[in-house]
Amino acid sequence: MENGTQILRPTQDPSECTKEVKSLMWVYVLVGNIVRGMGETPILPLGISYIEDFAKSENSPLYIGLIETGAIIGPLIGLLLASFCANVYVDTGSVNTDDLTITPTDTRWVGAWWFGFLICAGVNVLTAIPFFFLPKTLPKEGLENNADIIKNENEDKQREEDKKEKYGITKDFLPFMKSLSCNPIYMLFILISVIQFNAFVSMISFMPKYIEQQYGKSSSDAIFLIGIYNLPPICIGYIIGGLIMKKFKITVKQAAHIGCWLSLLEYLLYFLSFLVTCENSSVVGINTSYEGIPQDLYMGNNIFANCNVDCNCPSKIWDPVCGNNGLSYLSACLAGCETSIGMGINMVFQNCSCIQTSGNSSAVLGLCDKGPDCFLMLQYFLILSAMSSFIYSLAAIPGYMVLLRCMKSEEKSLGVGLHTFCTRVFAGIPAPIYFGALMDSTCLHWGTLKCGESGACRIYDSTTFRYIYLGLPAALRGSSFVPALIILILLRKCHLPGENASSGTELIETKVKGKKNECKDMYQKPTVLNDDELKTKL
């Protein structure tokens, strides 16, 4: 190839390979994430239990909805920050970005991921300060001005603390674990959560990659679109779900039905995503012949042809160019280009013998665009995703209240913590691993590292990628409706008195009255008493 176009070849330097293997920088990132997780994880179970213990029963869904909304606003800001960082080259400041020949849409582009860690670390330190000023206990909402009740509550709490000091934490831990394990509603809810989280963690983790491969967007654009289209509807859904629970005083049975049927509606809407698709990018030597004819993806297509056989082009290089015939090529060398003009990302290759067009054949850096039809399909996909996010988040707060109300008050902290632990261990950790392995099975061309080993995947079979990305979560979520229906049946058989109270002060009774009344005690909503009755009872 002439005029200064240089092809990078894999390096076979063993010392450089050894140096990269011995690098322990990943350990610092791992330890940092472990410490961060240790600090963040207790906030959810303890915070939710804190609200549920000290808020009125009809107000706690709204408060929890606001907490969940705040938990979504953070990722929204984080995604916008990630979109900015992904658009900045990883080595910015140490290299001249004007000399780069790749753009953010190129799969070889690596964004400044480290920049987000620095910003988030500083923000985390600032947000931790207010937690030091939270009181250990609060008076029950609505009873702040009743001195007798406050005094009685303080005496009860003092007795509980003395009991804990005398017997320790382990005395209550095993009975609580046994009680939760024997609670069928609670155990089925954990099963549903684990299955659903396996589906959603996989979808969220690989959604940017799906938008990149399916619709031809850059990673920064994909992250930005996810943040704009998905997270605001989730925030609105959480708030509206909490307001509905507060306004209409939804019972546990009603909340379970709302959560189940809204989730089913969203699940059926989800299948429309299979229809909004784009074709594979036509890359010569991978899925298209040099004559422009689509070929079998897994038959080992010939990368070389008569037009480039004498160019001594490396076969594993990935430096794609788009020819003026609408086809993409693995490199300018494999396109048979002889000369180039321009510098950096504005470089244009000319006299390309493999590009069959009338007139002068030329190519530019990067894969060819997928066209206006694909852009329209992306809009449909994002609209469907926004609608699905809203409907599902609308069902989230009623569903979460079923979890909280199916436990005794003294079990809530442990119950919510155990629920979070199960979803993280059995969904958050394994889902990206097995889902990523399935995604890799659809790879059509692997990148090559300096030492010749396989690197990151450069292009996927978008059709198979779509079936796995959308199909596996659909199968998982479909199976979760079986235990959901069992919960509805169990709740229907249990008598739940005292759920339609309209006003007054709430008093929670947690004494177990025997196995005959076990179902009633397990799911009973707090009895509502007026102030005179409450004073008489105390």
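Quick reminder: no glycine exception, Cβ is built from N, Cα and C everywhere.
Worth saying up front: this structure is predicted, and the values here are computed from it rather than measured.
What TrEMBL records for 301-356 is domain 'Kazal-like'.
If you look up TrEMBL, you'll see 62-90 (among others) marked as transmembrane segment.
Sequence annotations record features per position, and here TrEMBL assigns transmembrane segment to 110-134 (among others).
A Cβ distance under 8 Å defines the sequence-distant neighbours of the transmembrane segment (185-207), meaning residues of its chain 6+ beyond its ends; these are 222, 226, 402-403, 406-407, 415, 418-419, 422-423, 426-428, 430-432, 435-436, 439, 469, 472-474, 476-477, 479-480, 483-484, 486-487, 490-491, 522-523. Taken from TrEMBL, the feature transmembrane segment covers 185-207 (among others).
Same-chain residues lying 6 or more positions outside the transmembrane segment (222-244) and placing a CB less than 8 Å from one of its CB atoms are 61-66, 68-69, 72-73, 75-76, 79-80, 82-83, 86, 207-209, 211-212, 250, 258, 382-383, 385-387, 389-398. For 222-244 (among others), the entry in TrEMBL reads transmembrane segment.
The transmembrane segment annotation in TrEMBL covers 256-276 (among others).
The transmembrane segment annotation in TrEMBL covers 380-404 (among others).
The transmembrane segment annotation in TrEMBL covers 416-437 (among others). Within its own chain, the transmembrane segment (416-437) has Cβ neighbours under 8 Å at 41-42, 44-46, 48-49, 177, 180, 189-190, 193-195, 197-198, 201-202, 205-206, 403-404, 472, counting only residues six or more beyond its boundaries.
The transmembrane segment feature in TrEMBL is assigned to 468-491 (among others). Proximity of distant same-chain residues to the transmembrane segment (468-491), defined by a Cβ-Cβ separation under 8 Å and at least 6 residues beyond the stretch ends, is recorded for 184-185, 188-189, 191-192, 195-196, 198-200, 202-203, 206, 210, 252-253, 256-257, 260, 263-264, 267, 270-271, 273-274, 402, 435, 438-439, 441-442, 523.
Under 8 Å from some Cβ of the transmembrane segment (380-404) lie the Cβ atoms of residues 48, 52, 60-61, 64-65, 68, 185-186, 189, 211, 214-215, 225, 229-231, 233-238, 240-242, 244-245, 250, 252, 254-256, 258-260, 262-263, 265-266, 269-270, 272-273, 276, 412, 415-416, 419, 487, all in the same chain and six or more residues away from its ends.
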